[in-house]
Amino acid sequence: MMKHLFNGIALAFQFFSVVPVRKELPLEKKDVTAMYAGLPLLGALLGSASLFIVFILRDYTEESPLLAAFLVVLFLAAATGGLHLDGLADVGDAYFSYQDRERRLEIMGDPRIGAFGTMVLLFAVLGKIIVAAELIDELPLVVLILIPVLSRIGLLLLFSTTQSAKNNGLASFFRQRADGKWLLFAACLYLLISGSLLIYWLGLVPAAVILLSFLFALWVYRKWCLRQFGGVTGDLFGAYIEGAELLLWTALLFFI
């Protein structure tokens, strides 16, 4: 059991971060399941690093919150190898092509970025920087840890409850090998822990509003993926991570 757990965490770093894991790891069912279950832990590490960046700049320098926000967004993009931003751009190109479902899936598989993908990417990145800059002086810093954690909990819920849109690609491969029921249980457990921490740090009402907004947005996004693409893909997962983090930043701005 512990072997599969450590393999899964190593796989999470190997596939979803730029941390060099120079080892060929098994991709058996338990390993892939542990990999996805480890994503919120990877999110906690990313959030902790973001907290450290903001703490140093906010408390030990005279730099503006805008610089801290920019560095946090830059760090998150660099630490994940731009993987989620790439997915967001691909989804933007596919959706705004206004083609049929099959053609949209083909467009998402194209490595080139188009005009709509570029615009979606710019709006998302600038939006995160602006909202984060507004929040940084007011936000309890520990909450920074939970933003990438919650986005990856949402990813687990989406991954474990939604069919793949196509039969090829890494997301489909992992979907076939992972234990969806176990991941759904893990996601609910993570959500309970994260929700409890939010209540402790922010209070019951703000935490409840933020969590309900987060879950409602996840439900809407899942319905949208099924209607527009027939399921989910790796790009749609990446787009979800970026969108969920922007939503969480915005919800914190309005409700704390």
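Numbering starts at 1 and runs along the chain as displayed.
Glycine too: its Cβ is placed from the backbone N, Cα and C atoms.
Some features that TrEMBL has for this protein:
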TRANSMEM  6-22  transmembrane segment
TRANSMEM  34-57  transmembrane segment
TRANSMEM  69-92  transmembrane segment
TRANSMEM  113-133  transmembrane segment
TRANSMEM  139-161  transmembrane segment
TRANSMEM  182-201  transmembrane segment
TRANSMEM  236-255  transmembrane segment
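Stretch with the largest number of CB pairs closer than 8 A to the transmembrane segment (69-92), among 6-22, 34-57, 113-133, 139-161, 182-201: 113-133. Sequence-distant contacts of the transmembrane segment (182-201) (same chain, at least 6 residues past either end, Cβ-Cβ under 8 Å): 33, 36-37, 40, 140, 142-143, 146, 149-150, 153, 156-157, 159-161, 207-208, 210-211.
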